[in-house]
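**Q** Got these off TrEMBL a minute ago, pasting:
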BINDING   B:Leu14, B:Gly15, B:Cys16, B:Gly17, B:Val18, B:Val19, B:Gly20, B:Ser21  NADP(+) binding site
BINDING   B:Lys109  NADPH binding site
BINDING   B:Glu194  L-homoserine binding site
ACT_SITE  B:Lys209  active site, proton donor
DOMAIN    B:357-433  domain 'ACT'
Number of protein chains: 2
Amino acid sequence: MAHEPGAPLRVALLGCGVVGSAVARMLVEQADDLAARAGARLEIVGIAVRRPQRPRPDVPVDPALFTADAEELVTRADVVIEVIGGIDPARALILRAMEHGASVVSANKALLAEDGPTLYDTAARYGVDLYYEAAVAGAIPILRPIQESLAGDHVRKVMGIVNGTTNFVLDAMDVSGAGFAETVAQAQALGYAEADPTADIEGFDAAAKAAILASLAFHTRVSAADVHREGITEVTAADIRAARENDCVVKLLAICERVTADGTDAVSVRVHPAMVPRSHPLASVREAFNAVFVESAAAGELMFYGRGAGGDPTASAVLGDVVAVARHRVAGGRGPGESAYADLPVVDMGQAVTRYHISLDVADRPGVLAQVAAAFADHGVSIETVRQQAVAGEGERAKLIVVTHRASDAALSATVSALGSLDAVDDVASVMRVEGA
Amino acid sequence: MAHEPGAPLRVALLGCGVVGSAVARMLVEQADDLAARAGARLEIVGIAVRRPQRPRPDVPVDPALFTADAEELVTRADVVIEVIGGIDPARALILRAMEHGASVVSANKALLAEDGPTLYDTAARYGVDLYYEAAVAGAIPILRPIQESLAGDHVRKVMGIVNGTTNFVLDAMDVSGAGFAETVAQAQALGYAEADPTADIEGFDAAAKAAILASLAFHTRVSAADVHREGITEVTAADIRAARENDCVVKLLAICERVTADGTDAVSVRVHPAMVPRSHPLASVREAFNAVFVESAAAGELMFYGRGAGGDPTASAVLGDVVAVARHRVAGGRGPGESAYADLPVVDMGQAVTRYHISLDVADRPGVLAQVAAAFADHGVSIETVRQQAVAGEGERAKLIVVTHRASDAALSATVSALGSLDAVDDVASVMRVEGA
């Protein structure tokens, strides 16, 4: 649709929660700046909410703009901002908006990770933009840098702390030495964890973001279903202590990695807790902050750091996208669409390769180390260091701490099974991956 | 110029030094990826160098592509990559390229900071792109995030470690305790400082980058001449020790800040060494790495970290821009041009406001602290902390370490003059600004 010079662009907002109300407020308060940057005034033509009559004193717009009829609203906008979240009705509304010629800005990681290709295809068919910087790592510009700034480079690995709740919990456990359940309760009391924290602590949120990051970094369609996912519910105070003794911190990482599997290029996409050396830039990401670490062939190591959630930070990312798509409406053209030309296979977790930190409770007698070492060797897992600690007050028991060289997850799993069946091994107390070394 | 579907884009490269040869190599080696991402093949049609006959075995192109006639070359390209550096002949070649309809990608911070508006105006007149991500902080995507990702936000302050040489020197001084001259010599031996390190250690390089960052962050024309500049040549081992005692590190910062001066909005743009608390994300930027810290109204605190120089990292940034401008050639349209609508005044350094760390050598007798405190109060500078240290072996001498609240540079300068004329003050041993607290 050609834009008439001087005419305002019609903006429809779907959702008016924490993010939506911040977006509406900034659209109003910064109207002059946004107009100068976008090349046209951005006029809110409607805000779709479930209860339009509810007073919203923090949203400085004409109350008549609130409507329950989102389906109608999206047909009369140039730019539709979707901050409802979830799969339905967000998907249908976005598709309908694009079919009616609107460009779409969304913060909806779940939808993008579940059904991105349908959205991309529709955007391409109708010649409109689909932008979603806010879907990953909140305020941190990360999708645009990966998609555009690194378009001339070869991304090898993306490792992100992309969920603020889990980082808050793990950081608090590191600082206090407290256990998982206790710390989650504390995070809930402070507003850093939701009443039902499942999506965060089980890694679903991070997995959706990993799928989006991997898709952009590797020019390959990756959906949430392709992502191996482990949350932080099994992380114990003992794990955190073990990490500390290893000069590491425990972080929940979203990892997207280019790998070679069976001689061909492929990608590994996974979310799991991992030990990260304290000297690594990701280790210093505290509290609920997010950060994404990128390794690429030419640029080397990059890190992007900031707030991953919250109304204003997320609104900043949304409005950056709104200005971009508005510019395109004014000037003609669209931004980069989906790029999935590389079409790399996603490997199973068994083929993912990393290092491991394993704590074993063992009998303190000659020959035990040899048996343990043999179990690793039998499965082709090479040991980097072994440390033995006597257990205070238990003369006959010891702890063996093994850090391996890089090995496949399948080989490591088989090793752990074998260790568990050794007479001399009382318990495989902890197994954790080591990243960023 | 309309792009014919399927036709390659003609790329001309000006300069084939460390960065240029990396660009040429990546254009060849990654040709298929670049074509898929840009929407057209990128074909090198010529490389302008001073000595075209010189063998260049590391540049995998037909030797016939080398030419000494840059003026002719730029007339037959769709995209011109300028990595010559310096003002002339780079400026004339870029202008000529744009007049002939080419989009330009440049890594030339000096030229952008000296004469950006002429380049922008020419790009706008001829409807072409002018991109220069590589001009600031090498491989780190920072210009695009500020210009595009934060387009819906209100940037308050940008603080960057944007010169790798000076960061290497200051970091080495912090680690070793050695003096400035000795450390520069060491940096030269290791290849981190040039034979003539003036542009780096006197802050000229950082000042050019500060001008570019401020222009984009504040939608205002800022040139290198507007930037207050102090290098690191006066930083002593004693300053570094003082910073350490204050739990700080010394960094050369490029600071772009929105301020209020005489009741109106303005900007302060400056380059100088400053103490930064060790807890601040910028403090952990070691060796020759760069990082840019951004504070904005909605997004809050962001940091971008990576390699600021080197052939491959810089080439990564150049090629990201090449893909962007190539996409625009293929699809029609151009990226965002200059945005200088805010047109804010740049304040004198005297009006810049920050905190200060001052070390005084004083007589150790009653009443001295009162005199010193009065000198601060007389000039309206409020003291945050004072610490007195006896000087070992000199019973009558002491060191006073004062950290102030925020004060203007003019007020602080006047205070320092007044302190210098007090009988009880032997020496104002060190004055350093404190940022990031």
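The backbone N, Cα and C atoms fix where each Cβ goes, glycine too.
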**Q** Provide the number of Cβ atoms within 10 Å of the Cβ of B:Val19 (NADP(+) binding site), excluding the reference atom itself.
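**A** A count of 26.
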**Q** Which of the three DSSP states, helix, strand or coil, fits B:Lys109 (NADPH binding site)?
**A** helix
**Q** Translate the DSSP assignment of B:Gly20 (NADP(+) binding site) into the three-state scheme.
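**A** DSSP assigns B:Gly20 (NADP(+) binding site) to helix.
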**Q** For B:Ser21 (NADP(+) binding site), just count the other CB atoms lying within 10 A of its CB, please.
**A** 22
**Q** Nearest to B:Val18 (NADP(+) binding site) by Cα distance: which of the recorded positions B:Lys109, B:Glu194, B:Lys209 is it?
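**A** That would be B:Glu194, the closest of B:Lys109, B:Glu194, B:Lys209 to B:Val18 (NADP(+) binding site).
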**Q** Using Cβ atoms only, which residues of the same chain lie under 8 Å from B:Gly17 (NADP(+) binding site) while being at least 6 residues apart in sequence?
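**A** B:Val83 - these are the non-local Cβ neighbours of B:Gly17 (NADP(+) binding site), listed in sequence order.
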**Q** Where the distance is taken from Cα to Cα, which of the recorded positions B:Lys109, B:Glu194, B:Lys209 turns out closest to B:Val19 (NADP(+) binding site)?
**A** B:Lys109
**Q** Quick check on the domain 'ACT' (B:357-433): DSSP residue counts for helix, strand, coil, in that order please.
**A** 23 helix, 38 strand, 16 coil
**Q** Would you kindly give the Cα-Cα distance separating B:Leu14 (NADP(+) binding site) and B:Lys109 (NADPH binding site), rounded to the nearest Å?
**A** 15
**Q** Across the domain 'ACT' (B:357-433), what does the mean pLDDT come to, as a whole number?
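**A** Mean pLDDT across the domain 'ACT' (B:357-433) comes out at 92.
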**Q** Hey, what's the Cβ neighbour count for B:Val18 (NADP(+) binding site) at 10 Å?
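**A** A count of 15.
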**Q** Using the Cβ centroid of B:Leu14, B:Gly15, B:Cys16, B:Gly17, B:Val18, B:Val19, B:Gly20, B:Ser21 as the reference point for the NADP(+) site, which residues of the same chain not in that list have Cβ within 8 Å?
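**A** Near the NADP(+) site, beyond B:Leu14, B:Gly15, B:Cys16, B:Gly17, B:Val18, B:Val19, B:Gly20, B:Ser21, sit B:Leu13, B:Ala22, B:Val23, B:Ala24, B:Val83, B:Ile84.
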**Q** Indicate whether B:Lys209 (active site, proton donor) is helix, strand or coil by DSSP.
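**A** B:Lys209 (active site, proton donor) sits in a helix per DSSP.
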**Q** About how far apart, in whole Å, are the alpha carbons (Cα) of B:Ser21 (NADP(+) binding site) and the residue listed as 'L-homoserine binding site'?
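**A** With the alpha carbons as reference points, the distance is 20 Å.
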